[in-house]
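A.B. asks: Dropping a structure here in structure tokens format, bear with me for questions.
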Amino acid sequence: MKPALVVLGWAGWNAVLMLVMIPYRENALFIGMYALAVSATAAAAGVVWLYRRSRRAEGPVRMAANSLSAGFLAVAVILAGSSVLFGQWLTGIAFYFAVAALLHVRRERVPAGALPGPTAVPTEPGVRDQRGVLPKAAKAAATAGLLTRALRTLTGRRKGAGR
Amino acid sequence: MTAELAVAEERELPRDRSLRSWLGTTDHKRIALLITAVALLLLFVAGALALTMRLQLAQPDQEFVTNDGYNQLFTIHGSAMIYLVVTPLALAYGLYLVPLQVGAPNVAAPRTTMLGFWLYLFGSVAIFSGFLTSGGAAKEGWTAYTPLSTSEYSPGMGTDLWVLGTFVTTVGMILVGGTVLWTALLKRARGMTMLRMPVFSWSVVATNLMVIAAFPSLLFALGLIAVGRMTPGLFDSNLYNIGYQHLFWFFAHPVVYVMFFPFVGAVAEVLATFAQRRFFGYTITVLSLLAFAGLSMSVWGHHMFTTGLVSDDYYSLTSILLIVPAGIEYFAFLGTIIGARLRFQLPMLFALAFILQFLVGGITGIMVASPVLDYQMHDSYFVVGHFHYTLVAGSLFGLFAGLYFWFPKATGVMLGRGLGHAHFWLMMVGTNVTFLPMFWLGIAGMPRRVASYLPTDGFSTFNLIASIGAGILGLGMLAFAVNVVRSLTKRKERAAPDNPWRAHTLEWATSSPPPPLNFDDKHPIPPIRSYAPLLDLRREREP
């Protein structure tokens, strides 16, 4: 089972549920709202797929040893939000925290390939579903067989029909 | 493999316990523990608000709190429990356990996750700081329906702070959920294929799919309130009012599932461990979790039946369809425990109570998903009883099943059994005595969100029983708090081994508590051949 397929499958299942709304005559505006969420999930599936395809997924894990920049950024966000209630002067202070976050963020990362501590976890994931060729071939053959049978049932005439 | 890794020499290694190391941490376990600590603290605060409400309602015609004060109490109680306690706790469980269960050294993008924590913390402060303003805290309910939440009907800064705090907290939760989902999908160890992830990790995947699909809708809804508060007259058009409800419930129904899915996963792990066997029906349970999560996205309109402006047929159909995946999960639970040699340790007691009580919440949910019944029950105490059976009798029991189960792993300390049993039984009795009478109150016609009632209304007896139950529930929570403090202060006496329960998943292969990057030379990742690698290993060694 591929991770992108899990996300895409889930988006697909939601798309089916969304489409069922149409015969029930739900307001188009709210079907559209559901469609937006389905599209966002499908886009997430695309990002997962692209990431897996890219070389980044194969490369070593790159980690930060510190996260103070996140704290600074969060203070900037809450101050900027509060400025709507308590006055625009707060955005000035928020700006300094945003700058502090920016200055701090680069210093937090350890060099690529280095880790902030020892670990026995292989850090070059490269996870692949470990399945042989045979089950895949069997699954493909079974699907093809089912599809052919379904197609025949739909297009062909029933036994005895039309006599 | 370890030899291949260059370790940054100047970096401080493990066990730095300073405050600075906690506040600037990039360790997923510490971030999860920070979220858990804040959420548990707020659980007690929001619980105290609930007890105050139950005191007010214990007798008819009481004036223990004012009407305005009561509105603030139920608004902040509901908001805190949903936005600041159960949702963050559910996501924090995933944040702590998923990297361990999939064999990753850390969560993906730990600084983004930490940003999520900070936003959650500041959002919580903003919501509660409403009590310090002259007009008091927000008072329009956790749903903040328009036009009630506009500046015309809810003036004052309390609601503004509520909107800001909820917005910021929700962004934080999206960041936490997104990074955990990324970890489960893309940071798994070698050999840990998708279909070898434990049921708990799958429940977190389904949870976080809902987070990324549904939570942004709340941001739009809150944005709409903010614009409405600055633009008087915006909500004169009913399109905006109904539109707000759609946006809100598109978030608010899935959030209920976000608040119990990880605990369904936790209960699955507890049952398999204490039944001493593999979890029954793994693949079908995984599929049903995903189907369940998908269905939960499509049922939001059942909260709006009484507006008369939604398709009753569609939403009742999808709501009733929820029985199918829920039934599959219950079947898998029963399949796991039937005929097994069960060990009735504390996590197992909470898990079994979860199964029984959540059923009441689920079945009453199906009842109110029927438009005919919903028109009668809407906004009555029946609904209050229903969702408390889901979130307290269900989620909270699942949460405690997981907490007693993984506490030794996270802290290296076993929780006390005596106080644990006191906690369980008081909570079990308290929960049912509090929330069961609410069904009868609802059927008798007591509306929710009322600060008082008359002696002639016929609500007195059941309200008194419910208030006594709330007191018992409060005592149970007190026993839990004392147990945690006592256990943590007696670390040496109660030291936990690496795998005290003989559990099956990867997190039990490492030390208690785990090292900063989860596995080290003393605790390497064992071979992964199924979703229960430690059980496989044990069966190889002890055929």
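Using N, Cα and C of the backbone, Cβ positions are placed for all residues, glycine too.
Heads up, TrEMBL stuff is auto-annotated, nobody curated it.
Got these off TrEMBL a minute ago, pasting:
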type	residues	note
DOMAIN	B:22-529	domain 'Cytochrome oxidase subunit I profile'
REGION	B:505-543	region 'Disordered'
TRANSMEM	B:31-53	transmembrane segment
TRANSMEM	B:73-96	transmembrane segment
TRANSMEM	B:117-138	transmembrane segment
TRANSMEM	B:161-187	transmembrane segment
TRANSMEM	B:199-227	transmembrane segment
TRANSMEM	B:247-272	transmembrane segment
TRANSMEM	B:279-302	transmembrane segment
TRANSMEM	B:314-334	transmembrane segment
TRANSMEM	B:346-367	transmembrane segment
TRANSMEM	B:387-407	transmembrane segment
TRANSMEM	B:419-444	transmembrane segment
TRANSMEM	B:464-485	transmembrane segment
A.B. asks: Please give the sequence-distant neighbours of the transmembrane segment (B:419-444): residues at least 6 beyond its ends with Cβ less than 8 Å from one of its Cβ atoms.
C.D. replies: 54, 346, 349-350, 353, 357, 364, 377, 380-386, 388-389, 392-393, 396-397, 400, 404, 458-459, 462-463, 465-477, 479-480, 482-483, 486
A.B. asks: Near the transmembrane segment (B:279-302), which same-chain residues lie under 8 Å Cβ to Cβ, leaving out any that are not at least 6 residues past its ends?
C.D. replies: 195, 199, 202-203, 206-207, 209-210, 213-214, 246, 249-250, 252-254, 256-257, 261, 264-265, 268-269, 271-272, 310-311, 314-316, 318-319, 321-322, 324-326, 328-329, 331-332, 335-336, 368-369, 371, 374, 531-532
A.B. asks: If we call contact 3 or more Cβ pairs under 8 Å (sequence gap 6 or more), are the transmembrane segment (B:199-227) and the transmembrane segment (B:73-96) touching?
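C.D. replies: As far as Cβ distances go (cut-off 8 Å, pairs 6 or more apart), the transmembrane segment (B:199-227) and the transmembrane segment (B:73-96) touch.
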A.B. asks: Mind checking which residues of the chain, 6+ beyond the ends of the transmembrane segment (B:73-96), have their Cβ under 8 Å from one of its Cβ atoms?
C.D. replies: 28-29, 31-33, 35-36, 38-40, 42-43, 45-46, 49-50, 52-53, 65, 107, 113, 120, 123-124, 127-128, 130-131, 137-142, 162, 166, 169-170, 173, 176-177, 179-180, 201, 204, 207-208, 211, 255, 258-263, 266, 391, 395-396, 399, 402, 406, 410, 449
A.B. asks: Would you kindly list the residues that approach the region 'Disordered' (B:505-543) from elsewhere in its chain, counting only those six or more residues past its ends and only Cβ-Cβ distances under 8 Å?
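C.D. replies: Here the qualifying positions are 2, 13-14, 27, 29, 97, 99-106, 189-192, 195-200, 269, 272, 278-279, 282, 406, 408-412, 496-499.
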A.B. asks: Looking at the stretches B:31-53, B:161-187, B:247-272, B:387-407, B:464-485, which one shares the most CB pairs under 8 Å with the transmembrane segment (B:314-334)?
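C.D. replies: Maximum Cβ contact count belongs to B:247-272.
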A.B. asks: Mean pLDDT over the domain 'Cytochrome oxidase subunit I profile' (B:22-529): what is the value?
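C.D. replies: That stretch averages a pLDDT of 96.
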A.B. asks: Under an 8 Å Cβ to Cβ limit, what residues of the same chain, 6 or more beyond the ends of the transmembrane segment (B:31-53), are close to it?
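C.D. replies: Tertiary neighbours of the transmembrane segment (B:31-53) are 22, 25, 64-65, 70, 73-74, 76-77, 80-81, 84-86, 88-89, 91-93, 95-96, 107, 110, 113-114, 117, 120-121, 124, 128, 176, 410, 470-471, 474, 477, 481.
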